[in-house]
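For reference, Swiss-Prot has these:
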- H60, H350: heme b 1; low-spin binding site (BINDING)
- H207, H258, H259: Fe cation binding site (BINDING)
- H348: heme b 2; high-spin binding site (BINDING)
- 19-39: transmembrane segment (TRANSMEM)
- 61-81: transmembrane segment (TRANSMEM)
- 95-115: transmembrane segment (TRANSMEM)
- 142-162: transmembrane segment (TRANSMEM)
- 169-189: transmembrane segment (TRANSMEM)
- 205-225: transmembrane segment (TRANSMEM)
- 243-263: transmembrane segment (TRANSMEM)
- 270-290: transmembrane segment (TRANSMEM)
- 308-328: transmembrane segment (TRANSMEM)
- 349-369: transmembrane segment (TRANSMEM)
- 391-411: transmembrane segment (TRANSMEM)
- 434-454: transmembrane segment (TRANSMEM)
Amino acid sequence: MMSPNGSLKFASQAVAKPYFVFALILFVGQILFGLIMGLQYVVGDFLFPAIPFNVARMVHTNLLIVWLLFGFMGAAYYLVPEESDCELYSPKLAWILFWVFAAAGVLTILGYLLVPYAGLARLTGNELWPTMGREFLEQPTISKAGIVIVALGFLFNVGMTVLRGRKTAISMVLMTGLIGLALLFLFSFYNPENLTRDKFYWWWVVHLWVEGVWELIMGAILAFVLVKITGVDREVIEKWLYVIIAMALISGIIGTGHHYFWIGVPGYWLWLGSVFSALEPLPFFAMVLFAFNTINRRRRRDYPNRAVALWAMGTTVMAFLGAGVWGFMHTLAPVNYYTHGTQLTAAHGHMAFYGAYAMIVMTIISYAMPRLRGIGEAMDNRSQVLEMWGFWLMTVAMVFITLFLSAAGVLQVWLQRMPADGAAMTFMATQDQLAIFYWLREGAGVVFLIGLVAYLLSFRRGKAAA
């Protein structure tokens, strides 16, 4: 059924709006805690003991994961009805799951901030099924169980929509990615006492999310947006999508081995990890060719929302640079021996997450939000200009954050890792030498926040395009 305002093809697509709005609120929180962390690198007692560095980092990374999950869920609720050519199976269930997930997320973050972590573990019964205390998987066991319940309800809702409607390559790839995301998260409940075994399966969640099934989600969202804004034949875009997804899975699954270099597994992982992870830039490069070829050479219509085309091209370029180029720079075992755990890792992580996943969520929000607000295909020119200012401020700021962290990482390797043990500078002494880069990174982070505010204001002030 067409929505009352005529901007949405199906009324149930409107349930995507709260997911997008809450995702952006959490995104702001993530950036604020990133700025707190960045300042704590150079002013060690900033906000101590109220917000220690380890707590700020935990909140920063957890907010990243949760806001992206909200973004993916909103994207699915928006595009699956349109791809399936039918209403969402249960908008009511989508609303219930939104409030459950939002409440669980807020309570978990408040728990990090207000209760000592050991106390939080006791309070939530972690001793009954110990899963806490691992990087990125710090959530209490009860929160992890809540995520599983929300994921099952979500998959049921979108899965039933797909089953009773039209089947397309885009919806099938998206569903494959979402199901894989949920299944791989189950390994967060496996916490063996053996540290090597723990790390081996820990990466099945962390790596196979961000360098595996999340790439399927990114590819499906990008393909959907390009179909809508270019008018290119769906068959052409679907062929590109199949090639990209095949390359992502072939390189990404065995490429997990580049995380196994130094955790105590057999030596053959040095070869497997190096060879296959060296192939991981290929799907991201293919996405660049895909987006630019589709938008610039096969255009059949002048889509009025210029900002969404900018986001669609930008996400592929930044993903290729961050996940592809910066990932390749330190993925080979002989190089990773020196760079592992340095600021080069942080440089890669920042640009890769922003380019591949933050930007693809902002792409679908840029496309969908005018319709969700009842405006139509695009907002007025002033709002689009403001949004594009937000794009450039955030993107250029992230490039400089990456460059400053890369410079810090190279110097860290030179001072701390390359010299023989007796001549190597200690960790803390090395950090003092990197302070200038941390200050520069903090400044770039402030610019990033300004860009994010501009992006948000573009929707608040937007009116229909003339």
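Just so you know, glycine gets a Cβ as well, placed from its N, Cα and C.
The structure displayed is predicted, hence computed values, not measured ones.
Locations of recorded Swiss-Prot features on the structure.
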| residue | record | contacts (Cβ under 8 Å, 6+ apart) |
| --- | --- | --- |
| H60 | heme b 1; low-spin binding site | Q30, F33, G34, I36, M37 |
| H207 | Fe cation binding site | G252, G255, T256, H259 |
| H258 | Fe cation binding site | G273, S274, F276, S277, T331, A333, N336 |
| H348 | heme b 2; high-spin binding site | G322, A323, W326, G327, M329, H330, T402 |
| H350 | heme b 1; low-spin binding site | G322, M398, I401, T402, L405 |
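Here the transmembrane segment (169-189) touches the transmembrane segment (61-81). Their Cβ atoms form 3 or more pairs under 8 Å, with each pair 6 or more residues apart. When Cβ-Cβ distances under 8 Å to the transmembrane segment (349-369) are tallied for each of 205-225, 270-290, 391-411, the top count falls to 205-225. The Fe cation site is defined by H207, H258, H259, and by the 8 Å test on Cβ atoms against their centroid, the other residues of the chain that qualify are W203, E211, G255, T256, G257, Y260, G273, S277. Under the three-state DSSP scheme, H258 (Fe cation binding site) falls in the helix class.
Residues 73, 76-77, 80-81, 83-84, 86-90, 93-94, 96-97, 100-101, 104, 107-108, 124-125, 131, 171-172, 175, 178-179, 181-182, 185-186, 188-189 of the same chain, all 6+ positions outside the transmembrane segment (142-162), place their C-beta atoms under 8 angstroms from a C-beta of that stretch.
The 10 Å shell around the Cβ of H259 (Fe cation binding site) contains 23 further Cβ atoms across the protein chains shown.
Counted over residue pairs separated by six or more positions, the transmembrane segment (19-39) shares at least 3 Cβ pairs under 8 angstroms with the transmembrane segment (434-454), which defines the two as touching. Within its own chain, the transmembrane segment (243-263) is flanked in space by residues 173, 195-196, 199-200, 203-204, 207-208, 211-212, 215-216, 219, 269-270, 272-274, 276-277, 279-280, 282-283, 286-287, 290, 331, 333, 336-337, 340, which lie at least six positions past its ends and keep a Cβ under 8 Å from the stretch.
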